[in-house]
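Visitor: Sharing a structure with you now.
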Amino acid sequence: MIKTLVVDDSALMRRAIRDMLESADDIEVIGTAKNGKEAVENTNKLKPEVIVMDVNMPIMDGLAAVKAIMKTTPIPIIMFSSLTKKGSIEALEALRLGAIDFITKPSGLQEISKIENELVTKVRNLYNSNVNIIRLLNLKKFKGEVINGNWNCPDQNLGILIGSSTGGPSSLEQIIPRLPGDLPASVFIVQHMPEGNFCSQLAARLDAISELEVKEAENNEKVKIGVAYIAPGGYHMEIRKALDVTRIKIIKGKPMHAVMPSVDVTVESFVKVYGNNSVAIILTGMGVDGASGFKKINESNGATIACSEDTCVVFGMPKAAIEAGAIDVVKPIFEIPEQIVRMIEVKCNGN
């Protein structure tokens with residue numbers, strides 16, 4: 001049984017969440033808490049294996065509770081987030097503090113049943129995926145310098161693709177800020193996120209701490225060199241080239257591998273545009289998204305990198321790509337920025 005702690009200031013919401021979780025035969029709610037202070041106390045006392053927690057609570061809010069729990073008893077935490085801009089900022093802050101995932105919380109109790117399947121699946125996946133919280137916390141401690149490159153390829157069409165899921169926002173903060181502002185490539189980031197303001201806030205955060213411009217991708221916008229584009233949550237991102245102009249297409253299609261955006265969906269078009277002038281990186285995450293796509297990049301003589309198991313929060317996606325024979329180089333996340341720059345140098349300078 002997966003021992004779970006439920007934290008919410010509403011007694012009705014706690015009961016509803018408890019009922020949803022315990023509808024699964026492999027999940028047991030071993031306790032509840034009505035604020036962050038009780039959550040910290042019950043975590044130390046009851047030793048849950050997964051925590052489901054709201055952000056906005058009295059006495060101690062969810063963000064403060066995440067921070068406190070990570071200091072004493074780091075375990076997987078799923079946060080509830082609203083669809084508002086404020087909610088998306090809070091969700092990303094929770095991820096930076098050590099929470100592993102979040103779920104958008106319905107506005108009313110009558111809507112709560114709509115997230116039952118997602119909630120049960122996420123609790124189950126976190127428990128079964130060997131999530132390494134210590135690695136996530138260690139990511140936050142490392143502060144690397146910008147890696148500069150030596151290149152001269154003003155007319156070359158170079159593309160970088162990065163795929164990530166669980167633990168991805170913290171991993172991206174170890175990569176994007178260390179890429180130089182004169183990088184002669186366009187960067188495309190596919191981070192599994194739900195629809196809402198989450199990816200725009202992630203882009204704003206990365207843009208504020210990076211030399212590169214980082215933005216949420218918009219439909220039909222022209223792709224520029226030296227810009228990193230993040231796929232909007234809940235939509236697929238494709239890259240199309242016509243009459244020597246490369247543009248982004250944002251599509252509300254069907255999920256692939258149960259996710260949208262999907263790395264594999266983006267790769268299908270990315271590899272047609274960039275081919276052997278591409279560098280692709282698969283970071284932390286559950287599942288197999290990216291494995292088949294990276295194989296196509298590899299077969300097109302593009303360069304592929306996977307994050308090493310010892311620096312992954314969840315090794316699912318990199319492991320799947322490695323086992324598919326789709327990866328050229330496996331590197332610790334702290335070495336990936338330099339590896340990207342060196343690979344771009346080779347493709348740019350023709351060495």
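A Cβ is built for glycine as well, from the same backbone N, Cα and C atoms used for every other residue.
According to Swiss-Prot:
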type: ACT_SITE; residues: Ser165; note: active site
type: ACT_SITE; residues: His192; note: active site
type: ACT_SITE; residues: Asp289; note: active site
type: DOMAIN; residues: 3-120; note: domain 'Response regulatory'
type: DOMAIN; residues: 160-347; note: domain 'CheB-type methylesterase'
type: MOD_RES; residues: Asp54; note: 4-aspartylphosphate
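Just tell me what is around each of these and how deep it sits.
Guide: The Cβ of Ser165 (active site) lies under 8 Å from the Cβ of Gln191, His192, Val259, Thr284, Gly285, Met286, Gly287, Asp289, Val314, Gly316, Met317, each on the same chain and at least six residues away in sequence.
The number of other CB atoms found within 10 A of the CB of His192 (active site), across every protein chain shown, is 24.
Under DSSP, Asp289 (active site) is assigned to coil, being neither helix nor strand in the three-state scheme. If you draw a 10 Å sphere around the CB of Asp289 (active site), it holds 29 other CB atoms from the protein chains shown.
Each residue of the domain 'Response regulatory' (3-120) gets a DSSP state, and the totals for helix, strand and coil are 59 helix, 25 strand, 34 coil.
Taking the Cβ of Asp54 (4-aspartylphosphate) as reference, residues of its chain lying under 8 Å away and at least six apart in sequence are, in sequence order, Val7, Asp8, Asp9, Met13, Gly62, Met79, Phe80, Lys105.
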Visitor: According to DSSP, does Ser165 (active site) sit in a helix, a strand, or coil?
Guide: coil
